[in-house]
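Since the structure comes first, as structure tokens, the remarks are kept for the end.
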Amino acid sequence: MKFALVLLGICAFYLVNATGDLETELEASELQELQEALDLIGETSLESLEAEELEEARKFKWGKLFSAAKKLYKKGKKLSKNKNFKKALKFGKQLAKNLQAGEEHEPGTPVGNNKCWAIGTTCSDDCDCCPEHHCHCPAGKWLPGLFRCTCQVTESDKVNKCPPAE
């Protein structure tokens, strides 16, 4: 264990030094670009820059922007009347709500219409999750503090190993 910590420290030290050198190279190139920009500004008067900006604003096609916005609004209004879109929106809202409710709570607490934990909820084993879900731990057993285990949708290679309730 001590060897692993020493190795981790050496790797961290190496990464800090490597990124430090990279940062100084980036800072030097950014400083050069800034110096060139300041030289350019020094050569050009502010009045001519303002005149150029005003001319660009006058040339801009505001009518095209407004017509595109109007078309986008009409498409959104048409989509909002579509039944499939409404179903997808409802599903998305429910999924976001389930993911947002990913805090720990007592097993058996109602989540929606179920008496089990929602997808994305922190879990300790498969028995915390609904029968059609499983408890997934991305970090395995070696680092549970860094990545929490959550209830996930059961896929073909994963199964809920909790014994059925009697």
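Cβ atoms are placed via backbone N, Cα and C, with glycine included.
Lifted from Swiss-Prot, the feature list:
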type	residues	note
SIGNAL	1-18	signal peptide
REGION	59-99	region 'Linear cationic cytotoxin domain'
DOMAIN	113-166	domain 'Oxytoxin-type inhibitor cystine knot (ICK)'
DISULFID	Cys116-Cys130	disulfide bond
DISULFID	Cys123-Cys135	disulfide bond
DISULFID	Cys127-Cys162	disulfide bond
DISULFID	Cys129-Cys151	disulfide bond
DISULFID	Cys137-Cys149	disulfide bond
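What Swiss-Prot annotates, mapped onto the structure for a quick look.
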residue: Cys116; record: disulfide bond; Cβ neighbours (10 Å): 20
residue: Cys123; record: disulfide bond; Cβ neighbours (10 Å): 24
residue: Cys127; record: disulfide bond; Cβ neighbours (10 Å): 16
residue: Cys129; record: disulfide bond; Cβ neighbours (10 Å): 27
residue: Cys130; record: disulfide bond; Cβ neighbours (10 Å): 21
residue: Cys135; record: disulfide bond; Cβ neighbours (10 Å): 22
residue: Cys137; record: disulfide bond; Cβ neighbours (10 Å): 16
residue: Cys149; record: disulfide bond; Cβ neighbours (10 Å): 19
residue: Cys151; record: disulfide bond; Cβ neighbours (10 Å): 25
residue: Cys162; record: disulfide bond; Cβ neighbours (10 Å): 15
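For Cys149 (disulfide bond) paired with Cys129 (disulfide bond), the C-alpha to C-alpha distance reads 11 Å. Between the CA atoms of Cys116 (disulfide bond) and Cys162 (disulfide bond) there is a gap of 13 Å, rounded to the nearest whole number. On the 0 to 100 pLDDT scale, the domain 'Oxytoxin-type inhibitor cystine knot (ICK)' (113-166) averages 72 in the predicted structure. Within 10 Å of Cys151 (disulfide bond), counting CA to CA, the disulfide-bonded residues Cys130, Cys135, Cys162 contribute Cys130, Cys135.
For Cys123 (disulfide bond), the disulfide-bonded residues whose C-alpha atoms fall inside a 10 Å radius of its own C-alpha are Cys129, Cys137, out of Cys129, Cys137, Cys162. DSSP assigns Cys127 (disulfide bond) to a helical segment in the three-state reduction.
When the CA atoms are compared, the disulfide-bonded residues lying within 10 A of Cys129 (disulfide bond) are Cys135, Cys162, out of the candidates Cys135, Cys137, Cys162.
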